[in-house]
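Below: one structure, written as structure tokens.
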Amino acid sequence: MYCFVTYSKGKTPRRPGHKKASTIDKDPVGVYCRIRPLGTEDEECCVEMISSTTIQLHAPDGLKANRNGEYKETQYSFKKVFGINTTQIELFEDVAKPLVEDLIHCKNGLLFTYGVTGSGKTYTMTGSPGEGGLLPRSLDMLFNSIGPFQAKRFVFKPDDKNGMEIQNQVDALLERQKRDSQQTVPKTPSSKQRADPEIADMISSEASCKSENVDEDCCYSVFVSYIEVYNNYIYDLLEGAPFDPIRPKPPQSKILREDQNHTMYVAGCTEVEVKSTEEAFEVFWKGQKKRRIANTQLNRESSRSHSVFTVKLAQAPLDADGDHILQDKYQVNVSQLCLVDLAGSERTNRTRAEGSRLREAGNINQSLMTLRTCIEVLRENQMCGTNKMVPYRDSKVTHLFKNYFDGEGKVRMIVCVNPKADDYDETMLVMRFAEMTQEVEVARPVDRPICGLTPGRRYRNQAFRDELTRRLEERGGPSNADDPVLLAQLIESLPALPPSELVDAADDQTLPCLIEVLERRHHIRQMMTEQFNKTANTLKSMLQQLDSQLSAKETFLHDQRSKLGEKDKIICSQTSEIERLEKKSKTLEYKIDILQKTTEMYEQDKRSLQHELETREQRLQRELTDRRRMEQCMQGMVTDAKLKWEKECERRVNAKQLEMQNKLWVKDEKLKQLKAIVTESKKPERPSRERDRNIAQKRSASPPPRSMALPVHPMHRRSHSAGGEKWVDHKPASNLDLDTVMQPIIPNAIKVSTPNEKALSKCHKYVLRHQELASDGEIETKLIKGDVFKTRGGGQAVQFTDIETLKQECPTAPRKRSTCVDNLEPWGNKAYQIGVLCSTVCHLTILEVKKSLGSTHEHISHVIGNTLTDHFLCLNLSKMNSKKVRSAGLSMFLTVFSQFYTSSVVITEE
């Protein structure tokens, strides 16, 4: 009966349940810094290593100084700083070796490199031929430590739920035969195959190391997996998808899941069991060839994805005899070490990325920003005591490593720095992130469970087997000398001894019988001795004969061995030559592969550039076509506009000529009237007033003209204006401001300087104030009154009914006697008055036409004609009894009508 301390069912070890914060031991995240050598000696350096734990950043020459005129120098501290002369083995001893030892002792670990693009992250993790990085050295140390204690293949079998199952020797043998028979399943690399020369040179035998504290009472198996996070999607780099040259299928992305212990893992990821460092690194190299890399302005082989290489170690104790693995699945412990090569952060204005490269850079920067945010929230929760939710799910990288930051293992980060001045700004951001990461504490993982079996089982079993083998070799066969069964048979073949008890001293029969039996036994023994000696002599002679024959054979064998040695030397020389040629062939194949990838990238860039050139040529062709079409359209528009403006100019010139002709005609008429007045004033005789009255009555049947003299009571004449009716008081802006002199006071009046439809629609009466210079040199004001009524076109019309003259005269001055010129003077100025009235009529008509612009052109012309006729008939020309005045008024009306016609044409065109 055995006593065991049970653990989880083949799962990754997990810390116990929730404890108080004060009782949980925590360790800060270990952050290391490695400085890459400069590319050339003349490059400007902005990073200086002050001590083994501190570096200092200097601002480059092109950077602006601070307010004091000094350049700012910043210092940052790390757990350890590795300079430009640090070797890979020194870095491994301080950073990765403790994690490998924890892996052997059932503890998890996470190691990732962080930095800008081209800072040496991939070199630090992978290395180069002759200078292996952290990954191959970790694998070498692991297999050097557990090599003698590894289980056979397929004894440990991964399940689909991030666990590990254990099989007996028979099931494992059947599984191996089944895998070998299936061609579709990728075979596990065999350790008996010759290793790749380039991979074999990664680590020299002098630089190999091992862990001393390995539990010899356990059996171990190593499983590796390799994934990449590209554009926030997870892809399996070890997945052996069938190749279809006709329809190549893109790789399928994987999803993250959580097992029963709340540990995150990649579902459906390929896990390969390996038995040596060469096998493990060959699997890694197989996945490395599938990883996405590209050429950028800053790095020739820039990683476009985050890679995660996971080393999973399964171990189970031996049974009590120390011969076979304990068939108890609850005793299987699984630990893992994740080696992460993060893609470098980059600025697109420096890399000049476009298309897919721009998208890759955006996703890389976004995932690194999410990692920074998670670290900030963890730091804030630990330092301020808050309980904010950490956004692990915003990125696949942080979601995959969530358990490590929650206390599932140690976390180590190597910050790679490129000291050149061009990366100063990005290096400052990396340093700030590293400084903040050091302040985050992670719970310390618990130790592995202790098995209740007796330690040293394997050693005792091995010692017993070695001793048994030694004895068999010494005796030339089975060692049966001490066998009790053979001794019993030998004793039974001898005569039986009689009873030897002496009852009486005088007994003389017992001793003779005993002596007789002993003598017979002695005789038998002598016979057996003689037979044995005879047989021995025969055997000795045979051995001597065989010895002589053996000497002859040995001489012959010696001769053959000397010949074989010579043949071996020849074979060794040929083998070394073959290995050298194979290594050279592998190197050339690797170079050819790199050149092919570079050629494919250049061809892809060439195709993209050709496509872009064709696109730009098509776009340029379209722009040229559009420009020609636009030029034709503009030429047509310019031609149309030119014809339109030529017609407009011709029309305006004709209108201006007509206007000038009308003005000349009016001036001629005025001169003729003046000439006629002057001629009449020079006549020697003046007919009598009765004769003139009779002549006037004979010539015209119209009523006599009313006197234009000022009334005796002016207020009586303005009494009509003082009623309750509303008036439109039209006072032109050209009139003089006489204040209250000869200015009527009209209540309820709307004063306007220009008549408009709105004012006329609100009033019933209309009055126009007109000022002129009288014959005696005084200013007189004339009030031209009229009634407002609606027209057929929907506008407003004014019918003039009265003219009132306001004039200042001295009552004591002698009145001159009226002459024909004086009688004609008031009516002689009526031509001007008619012109003013006609101008007002035309202005009102234009207002009405503008109101009717929504109608068609035929309706507008109809409205113009009807409105003008209505306004003209309202002038009441019957009051003008002078033929000259009527002629002057008619000519003035024709002039205004021509102006109005020109304006109406313009309105119609608008």
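Yeah, the Cβs are placed from backbone N, Cα and C, and that goes for glycine too.
Automatic prediction, not curation, is the source of TrEMBL annotations.
Worth saying up front: this structure is predicted, and the values here are computed from it rather than measured.
What TrEMBL says about this protein:
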BINDING   Gly115, Val116, Thr117, Gly118, Ser119, Gly120, Lys121, Thr122  ATP binding site
COILED    578-619  coiled coil
DOMAIN    28-440  domain 'Kinesin motor'
REGION    176-198  region 'Disordered'
REGION    677-729  region 'Disordered'
Quiz prompt | Cβ neighbour count within 10 Å of Lys121 (ATP binding site) | solution = 25
Quiz item: How many other Cβ atoms are found within 10 Å of the Cβ atom of Gly120 (ATP binding site), counting all protein chains shown?
Solution: 18
Practice problem: Within the coiled coil (578-619) only, compute the mean pLDDT. | Solution: 92
Quiz item: Just checking, which of Thr117, Ser119 (binding-site residues) has the fewest C-beta atoms within 10 Å of its C-beta?
Solution: Thr117
Quiz prompt | Fewest other Cβ within 10 angstroms of its own Cβ, chosen from the binding-site residues Gly115, Gly118 | solution = Gly118
Practice problem: Would you mind listing, in sequence order, the residues at least six apart from Val116 (ATP binding site) in the same chain with a Cβ closer than 8 Å to its Cβ? | Solution: Gly344, Ser345, Glu346, Asn418, Asp423, Glu426, Thr427, Val430
